[in-house]
Amino acid sequence: FVVGHAGLYQALAMFAVAYFIIGMTVLSVCAIATNGALDAGGAYYMISRALGPEFGGSIGIMFFLANVCGSALYVLGLVEAVVDSFGIPPGQEAGTGVHVLPQSYWYELLYGTVLLALCLLVCLVGASIYAKATFLIFLIVAAVLGTILVSFFATRPLKVPIRLPDSNGTETDDGFFTGFSLNTLRENLGGAYGVDYTTGQMMSFSSVFAVMFNGCTGIMAGSNMSGDLKRPSYSIPRGTISAVLFTYLIYNLLAFLMCATCNRILLQKDYGFLRDISIFPPLVTVGIYAATLSAAMSNLIGASRILYALARDDLFGRALALAKKTSASGNPVMAVILSWLVVQVVLFSGKLNTIASVVTIFFLLVYATVNLACLALEWASAPNFRPTFRYFTWHTCLLGIAGCCVMMFLISPVSASASLGFLLLLLLALHYLSPSSTWGYISQALIFHQVRKYLLMLDVRKDHVKFWRPQMLLMVQNPRGSARLIDFVNDLKKSGLYVLGHVELQDLDKLPSDPLQPQQDSWLSLVDKLNVKAFVSLTLAPSVRHGVRQLLFTSGLGGMRPNTLVLGFYDDEAPQDGLARHPAFTSAREEVPLGFPPLRAPTTPKLLSAREYVGIVADALKMLRNVLLARQLESLDKAWELRRAASPPPTIHVWPVNLLRPESARYADTCSLFLLQMACVLNMARAWRRARLRLFLCVEAGTMPHAQEEKLRQLLKDLRIQAQIQLVPWDAITRLHWQTCQGPPGGPAEEEEEEEGVVNFPTNTAQVSDEYVCAANKLVLEQSPAPAVRFLYLPRPPADTSLYPLYLHQLELLTRGLGPTVLVHGVSAVTSTQL
């Protein structure tokens, strides 16, 4: 068939291309097969354990279908051979001699069913009888090949009559076996594609290659039996490589001998002519039957083993539960029967060459994925990938993938696209529906490899303010009381690093093992359930302050380190279990993760003092980290605030002035700009885009408020921040401050601050009274309508640690009753007006 249509040159080229693809794939198969213990499933087992359940399951189904269609293809080939030998010739009503079998679609389907039942019988008995049967078949085929090779030399030239049906009845032609002839060889060198007499279709390079490639797809026969071999890692490489070399030599030798001895008519119009030229014709018939029967059985038993492996791995749940059942000897009888049923359905296609292209594309897709699995393992550079077979590189894998993909689309672009689409659907279905596996995911190894490479390339010395983004470390004592805060900070991170930090107050010296390891899974499950893009960092420390210091020093890697510390507010409010009310748990009716302890009772003392809490803020500022203190964020119902249809839309109030230091109130210092940036970042988050920014400009009489407003408006324009500016007179409040403060502007307090300013840590000795702070709180509270969240300026803690409790008390007064509020102090330049 191949030589008759394609000629010797193109036939040799087809064999070279096919065996190049196969050779690259065999190297990958050998590498994976020698990298650990193999189990049932062959290529499916290799791919699933290397690439994970999604790829493994989808390719397993494709490979199952390839083997099923392949088995049907070989049964149909055997039917054609039987009909050629024993069928009643076209145009005759009754046969003579051995020609006794009627020919029609339904009769040929019946013959195929009987032959398939014979294959089923062998496969049902088990792998041992199959192995014995195939070895016997191998001996028969080897003997037949020997007689055929001798026949090319021993048989004298002869005329072979050919009778073929056509539209007018029966066409008669003569083919010639010329013996070795230079003229015959010259005539057969080039291609002469004609009509295939079995299907009536015009042949081309791609259609001939599709049929030919099915004669090369047996390379997985040994791999498919991996669960039945005693030493698969030893047998598969040696058996597969020797089989590939042997068949390649035989195919090339046969192609040359046929081209040199048979004319084109004989080659194209009688695919069974070897019987006519053989020195012992019946042996050729036996050989054809044996070879096709062996291939059909091989594919049937291969399909059953793949189906059994898929069922055992539970990737498709109950859909394949029946295929798990085995006999007492361990033979997966139900998988064999199910595979037989599917092959029986495929037999309805009728002709061998009709399904050849589909089978070929399925096999090519599987081979490409085997190469991909080996390539991924090689590129991941995992220390445990050390196969004993070393004759491969990532180049051979890549060449195998490229060869498979090119040939798929050359054979049939439509079938190739449909197969890839089907594969993609299976991938997506398994990704979302299949249970997680314990096989290990190659994607994790590849991601690790790439992330490490890119982290090394992320150079902190090349940081620029234009590309600054918030990288958050949120300290969480108990997630039960911080669910909405975790969600809120996730909106604030703007694609930056987000770390959930937790300090466990224990001493490792007094413990038998690390108590944090068992907690890790609960925290990771929480991150998944809340759908936040965060890492988890847990630490042991003698105090919370020491633990936060550790996390600030050690969290992150390379250029990805937290630049902003977020803390919940320190007050006397009883914590509420927000996790139980969170939509992630209420809508799915799932239980809250049990790894977290109950919330602290109001009467239970806190784990840290007010002084230690302010000390954490001071530590972070010394380490040049920005600080956010979040108060009453658990009362923020983001879903309600942002989805309510009422007009006007929800607002975000921004107060970029230091309300606790009215004498140094400026709008363009580093901290104010950082506060503006954080409010803008929140507004840019998808969930907050409906909200509107409202910026409050505190003005005094006689200070040209409109000029200040215009200046601020220009600043917002330069920073590309859209916000409504609202003027707020605060003469009465500042007057209250000067009446109660310890010294007028320019007094000793200011001088002391300037001296301390050398180390960039002002003493904040100019205290404000509680009366003033309450007035400032009232001023903020009076601005209506009430916003979804407020951003306020957080002053530095005082240098005098004895003033820490007073500092915290005044922050509490300032934010009392304001609802969700974020106090912000920035130490780094984060805004840019440049391109």
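From the backbone N, Cα and C atoms, a Cβ is placed for every residue, glycine too.
Note that the coordinates shown come from a computational prediction; the quantities given were computed from them, not determined experimentally.
Positions annotated as domain 'Amino acid permease/ SLC12A' by TrEMBL: 2-473. Marked as domain 'SLC12A transporter C-terminal' by TrEMBL: 484-572. Taken from TrEMBL, the feature transmembrane segment covers 12-34, 55-76, 109-130, 135-154, 202-222, 243-266, 286-311, 332-349, 355-379, 391-411, 417-434.
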The transmembrane segment (355-379) versus listed stretches 12-34, 55-76, 243-266, 391-411, 417-434: most Cβ pairs under 8 Å:
391-411
Average pLDDT across the domain 'SLC12A transporter C-terminal' (484-572)?
89
Count the Cβ pairs between the transmembrane segment (202-222) and the transmembrane segment (55-76) that lie under 8 angstroms and are 6 or more residues apart in sequence, then report whether there are at least 3.
yes
Recorded stretch, among 12-34, 55-76, 286-311, 417-434, maximising Cβ pairs under 8 Å relative to the transmembrane segment (135-154):
286-311
Can you tell me which parts of the same chain pack against the transmembrane segment (55-76), counting only residues 6+ beyond its ends and a CB-CB cutoff under 8 A?
41-45, 47-49, 108, 112, 115-116, 119, 214, 217, 220, 224, 292-293, 295-297, 299-300, 302-303, 306-307, 309-310, 313, 315-316, 339, 342-343, 346-347, 349-352, 355-356, 358-359, 362-363, 365-366, 369, 373, 419, 422-423, 426-427, 430, 434
How does the domain 'SLC12A transporter C-terminal' (484-572) divide up by DSSP, counting helix, then strand, then coil residues?
37 helix, 22 strand, 30 coil
Contact set, same chain, for the transmembrane segment (109-130): CB under 8 Å, 6 or more residues outside the stretch:
71-72, 75-76, 78-79, 82-83, 101, 225, 228, 293, 296-297, 300-301, 304, 327, 329, 331, 333, 336-337, 340, 343-344, 347-348, 350
Tertiary contacts of the transmembrane segment (332-349) (same chain, 6+ residues out, Cβ under 8 Å):
40, 64, 67-69, 71-72, 75-76, 109, 112-113, 116, 119-120, 123-124, 300-301, 303-305, 307-308, 311, 322-326, 355
